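In what follows, a single structure is set out as structure tokens and then discussed.
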Amino acid sequence: LAATMATVNLHAVTSWVGIARLFAIVLSCVAFSLVASTREFGSPYGTWCMFTWCFCFTVTLLVLLLELLELYPMLPFSWDDFTSAFSMLAALMVFTTSVVFPSTFISSPCSSSKCARQAVATTVSCLCFLAYALEVGLTRAKPGDISSFLSTMPGLLKVFEAYVACLIFSLLDNYSSKPGLQWCVAVYSICFIITFLIIIFTIGRCLSYIPCPLEKVLVGYNALASMMYITATILWPLYSFKDTKRPDPCGKDCSWDKHLGVTFLTIFNLIAYLVDLVYSTRMVFIRAP
């Protein structure tokens, strides 16, 4: 018993990061329980929301247990990079869900008990996002500390860029007939694949095997990705909305609205890559004292 007690790290649940994870576990559990009780989540959007809450609940609980029992050093990957990447991903997923769920399922006036549960689930989901955002802020690396790359600002931006690209892929519709739109999809795909590989290789501790100055390669990649996204930011709306007006009515699967969503997400990712370029350049060429 003494040997077992010696392996329990109570700091994992009493630290600010541990408390944030506990809140995230409880809030995500409450959110998917409330929505499950309404039995109305069968659409693709409802399935996505339920998956988000269940996925975040399961992984966060697993992270907390591994840290509580001090089993994570036995895992063959960088634990700090993994937890930083996951907390950022969870914050983005829960934020998206907190926007998608009420806009899809809650209608006005909201007077029934089912609608009340959906409204409470939305509120709880927003609080869950704040818990994950707090964890991201608490675990973010201090300036000059690059021991855990994915906890630095460029590392967190890598997760953001990959996630936004996934959102773009989910909205792609009717692009095969125009070469300009095909180029934009190529930009999204190439940048997503490279960014995703950077994240995976960082977590798997494989970047050290690359026989070149990695930090300078990342600066070059961010510059190239920024230029590619600049072309996509210009070409996508140019080819999507040229001689095209928004149909009336425009339902939930309206291609015009999807193209508008891709336009805004492309701008968001362009800004992310530009900020990433600035931060990564500072990390390489402007060393902290």
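Cβ atoms are placed via backbone N, Cα and C, with glycine included.
So that you can see what the record holds, here are the features copied from TrEMBL:
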- 12-144: domain 'MARVEL' (DOMAIN)
- 15-36: transmembrane segment (TRANSMEM)
- 48-66: transmembrane segment (TRANSMEM)
- 86-107: transmembrane segment (TRANSMEM)
- 119-138: transmembrane segment (TRANSMEM)
- 149-285: domain 'MARVEL' (DOMAIN)
- 180-207: transmembrane segment (TRANSMEM)
- 219-239: transmembrane segment (TRANSMEM)
- 259-279: transmembrane segment (TRANSMEM)
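Sequence-distant contacts of the transmembrane segment (180-207), counting only residues of its own chain at least 6 positions beyond either end whose CB sits under 8 Å from a CB of the stretch, comprise 76-78, 81-82, 85, 149-150, 155, 158-159, 161-162, 165-166, 168-169, 172, 214, 218, 221, 225, 228-229, 231-232, 235-236, 238-240, 266, 269, 273. For the transmembrane segment (86-107), the list of distant contacts is 24, 28, 35, 40-41, 43, 45-46, 48-49, 52-53, 55-56, 59-60, 63, 115, 118-119, 121-122, 125-126, 128-129, 132-133, 135-136, 139, 150, 156, 159-160, 163, 167: same-chain residues at least six beyond its ends, Cβ to Cβ under 8 Å. Across the domain 'MARVEL' (149-285), the prediction's mean pLDDT works out to 87.
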